[in-house]
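Student: Encoded as structure tokens, here's the structure I'll be asking about.
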Amino acid sequence: MTAITDIIAREILDSRGNPTVEVDVYLEDGSMGRAAVPSGASTGAHEAVELRDGGKRYLGKGVEKAVEAANTEIFDAIGGIDAENQIQIDNIMIELDGTPNKSRLGANAILGVSLAVAKAAAQASGLPLYRYVGGASACLLPVPMMNIINGGAHADNPIDFQEFMILPVGADSIAEAVRMGSEVFHTLRKELAAQGHNTNVGDEGGFAPGLKSAPEALDFIMKSIEKAGYKPGDDMCLGLDCASTEFFKDGKYVLEGEGRTLESGAMAEYLAELAANYPIISIEDGMAEDDWDGWKTLTDLAGKKTQLVGDDLFVTNSARLRDGIRMGVANSILVKVNQIGTLTETLDAVNTAHKAAYTAVMSHRSGETEDSTIADLAVATNCGQIKTGSLSRSDRLAKYNQLIRIEEGLGPQAQYAGRSIIRG
């Protein structure tokens, strides 16, 4: 009754107006699952490859080849298989592609099918996706890491670091966390406007003011937290995504906005100093993706008290994560479903992290859609943290709204991760 009977993939647009892949998977009993695939602006060199068409259409960014792969070759390989056999289906697609980075069929085609299969199977079983994937123990609502000031590749301003985030650890529920975040977001808007800064929002819904340094951005956020009636370090903590690979040139970190260039050791010391001076509990991609020595230095300096998240470093890849664990590098992994390309491999990365006492953070991409699958996956994996942008843009809010619905559905079972995510 839950055998796959049809796959219909199509080209739709993401939040940046670029094409992406959406897939519908139909089952014998009439159940249907739909998934849309996100894409990133700052991408790690070791990520799975999203297949783009090239040529003039959509300035080379069309995804008709990936759509065709899903509709024909992938369907021919998995049609008739029971959708509940997720691992088997994902492995068939990996083998069918035959490349180490899914570049032949495209990670965008493979992931769209993988997630749609899971959603169809969940519908057939009469369960919400988080319960179908995570089982009876899936009840932990994640602390949202809300990106309210953007820099780097996500904004046209001088700030070197890509994201400055607030984490409402003092909330009692996800609904309260979203309210607290919204209040700080709108307070920050007023503060920026009052000092003559632009309050347009970037790809992920955060502001992109013409500030020059990380401390300047952090000071604005600290003041806004207090003006909104909250206590920094108690009600609200801070997080950074440095995206350091973007400004790592010739073995050095070139902070153009701050007008200085740092050696690897000095960069690690700078980040440790920021974490000591502000209530920063999480730093993502503090060092460049292949600067393993720099990562080790940063981990030794700040890893006991600060969550050090590998995004470009690990690219949701269990093999790279195991390398990091063996070397004592970082202590957390960012989980982006399209970095690895199947649900099975995504869950494996989270499990690998948890077994090594590393944390995992479920994450969106800068190019998103209204698809809210990652909200369910955050709860399914009990990972306790989610990055899904700011408190504006419906492509970001779709995930927050889904978390609110999940919390309501769980009722008294629901637990909010809150301060349990803080290290040290």
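Each residue, glycine too, has its Cβ placed from N, Cα and C.
Sharing the record's features from Swiss-Prot:
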| type | residues | note |
| --- | --- | --- |
| BINDING | Q162, K336, R365, S366, K387 | (2R)-2-phosphoglycerate binding site |
| ACT_SITE | E204 | active site, proton donor |
| BINDING | D241, E284, D311 | Mg(2+) binding site |
| ACT_SITE | K336 | active site, proton acceptor |
Student: Within a 10 Å radius around the Cβ, which one of these binding-site residues has the most neighbouring Cβ atoms: K336, R365, K387?
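Tutor: Top count of Cβ atoms within 10 Å goes to K387.
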Student: Taking DSSP three-state, what's K387 ((2R)-2-phosphoglycerate binding site) in: helix, strand or coil?
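Tutor: Strand, per DSSP.
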Student: Check the Cα distances from K336 ((2R)-2-phosphoglycerate binding site) to each of the recorded positions E204, D241, E284 and keep only the ones within 10 Å.
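Tutor: Those close enough: none at all.
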Student: Show which residues of the chain containing D241 (Mg(2+) binding site), separated from it by at least 6 in sequence, have their CB under 8 Å from its CB.
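Tutor: D241 (Mg(2+) binding site) has long-range Cβ partners N147, F161, Q162, E163, M165, E284, D285, V309, D311, K387.
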Student: Can you list, in sequence order, the residues of the same chain other than D241, E284, D311 whose CB lies within 8 Å of the CB centroid of the Mg(2+) site?
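Tutor: Apart from the listed residues, the neighbours are Q162, E163, L240, C242, A243, I283, D285, V309, D312, L334, K387.
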Student: Let me know how many other Cβ atoms fall within 10 Å of the Cβ of Q162 ((2R)-2-phosphoglycerate binding site).
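Tutor: That number is 29.
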Student: Report, in whole Å, the straight Cα-to-Cα distance of E204 (active site, proton donor) from R365 ((2R)-2-phosphoglycerate binding site).
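Tutor: E204 (active site, proton donor) has its Cα 8 Å from the Cα of R365 ((2R)-2-phosphoglycerate binding site).
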Student: State the Cα to Cα distance, in Å, between S366 ((2R)-2-phosphoglycerate binding site) and the residue listed as 'active site, proton donor', rounded to an integer.
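Tutor: Distance (Cα to Cα, whole Å): 6 Å.
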Student: DSSP secondary structure for Q162 ((2R)-2-phosphoglycerate binding site), reduced to helix/strand/coil, please.
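Tutor: In the DSSP reduction, Q162 ((2R)-2-phosphoglycerate binding site) maps to coil.
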Student: Tally every other Cβ atom lying within 10 Å of the Cβ atom of E204 (active site, proton donor).
Tutor: 30
